[in-house]
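TrEMBL has this to say about the protein:
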- Glu41: Mg(2+) binding site (BINDING)
- Asp46, His50, Asp87, His88, His166: Zn(2+) binding site (BINDING)
Amino acid sequence: MHYHVEQLADPENNEPTLEEMTEKAIEVLETEEEGYFLFVEGGKIDISHHDTMARIALDETAELSKAVKRAREITNPEDTLIVVTSDHSHTFSVAGYQPRGSDIFGSAKANGLDNKPYLPLSYANGKSFDYYYNTETHQREDPVVLATGDFDQLFPAMVPLESETHGGEDVAVFASGPWAHLFTGVYEQNTIPHMMAFAACVGDGLTACQAATN
C-alpha cells in the first residue's frame, strides 16, 4: 500500500487508512464467541526509516497511534488486552535542543563547529550520506539549503549505505486491559507472546485461567 501522505496527495486514491482497517478487522472478529487475536502493524514506519525519510516515518507513526486509539475506543478494557510495541529500533536520532513548539523539521537552534546549520533529525547511516556531505571537498553541505520540505525528503546520514539499518537499543512496550501489569520492566522480546498467551488462556503453558482455578 502507499504511504499515508501519498494517499492524501492523490484524490483518486481510495486505500483505507490503518485506523480504518483496524476498525473493520475488529468489527469482523468481535463476532467470535471465544474471542480473537488481531495483529496490526504500522509496517511503513520501518520502510520509510530505511530510506531516511523522517517526515513519512513520523507521519506513519502518527497513523499507528490513531489505530491504537480507535482500537481502544471500540473494545472493552475489561476483556480486551491491547499490547503496543516494536520489534526493533532504527538509527534515527533527535538532537539539537529544539525549543517546544518549534519546527522539528527545521534547523537546530545552533550551528555546528563548521558554522553550518544542521537538522535535529538525522540517521547514523543510510543512503542520504552523499546528498548532505561533499566527498570532494570533505565538507558538509548546508542542509537548510538542500532541504526540500517535500514529504519524501531525505534526512542526513553519517555513514553511506544503500539502506539505513536497525538500531540496537531496547524498545518500549505499552499495554492496557486484563493482565496489562505483566508488561513492565525489561525482558527478552520472545517473552511477549508468552505473556499474551497467559492472559488469553491459550497454549500449552500456564494460563491465567489455570492459575485462577488453582
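Every residue, even glycine, has its Cβ placed from backbone N, Cα and C.
Feature map: TrEMBL annotations on the structure.
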{"residue": "Glu41", "record": "Mg(2+) binding site", "Cβ within 10 Å": "12"}
{"residue": "Asp46", "record": "Zn(2+) binding site", "Cβ within 10 Å": "16"}
{"residue": "His50", "record": "Zn(2+) binding site", "Cβ within 10 Å": "19"}
{"residue": "Asp87", "record": "Zn(2+) binding site", "Cβ within 10 Å": "10"}
{"residue": "His88", "record": "Zn(2+) binding site", "Cβ within 10 Å": "12"}
{"residue": "His166", "record": "Zn(2+) binding site", "Cβ within 10 Å": "12"}
List, in sequence order, the residues of the same chain other than Asp46, His50, Asp87, His88, His166 whose Cβ lies within 8 Å of the centroid of the Cβ atoms of the recorded Zn(2+) site. His49, Ser86, Ser89, His90
Taking only the binding-site residues His50, Asp87, His88, His166, which one has a CA atom nearest to the CA atom of Glu41 (Mg(2+) binding site)? Asp87
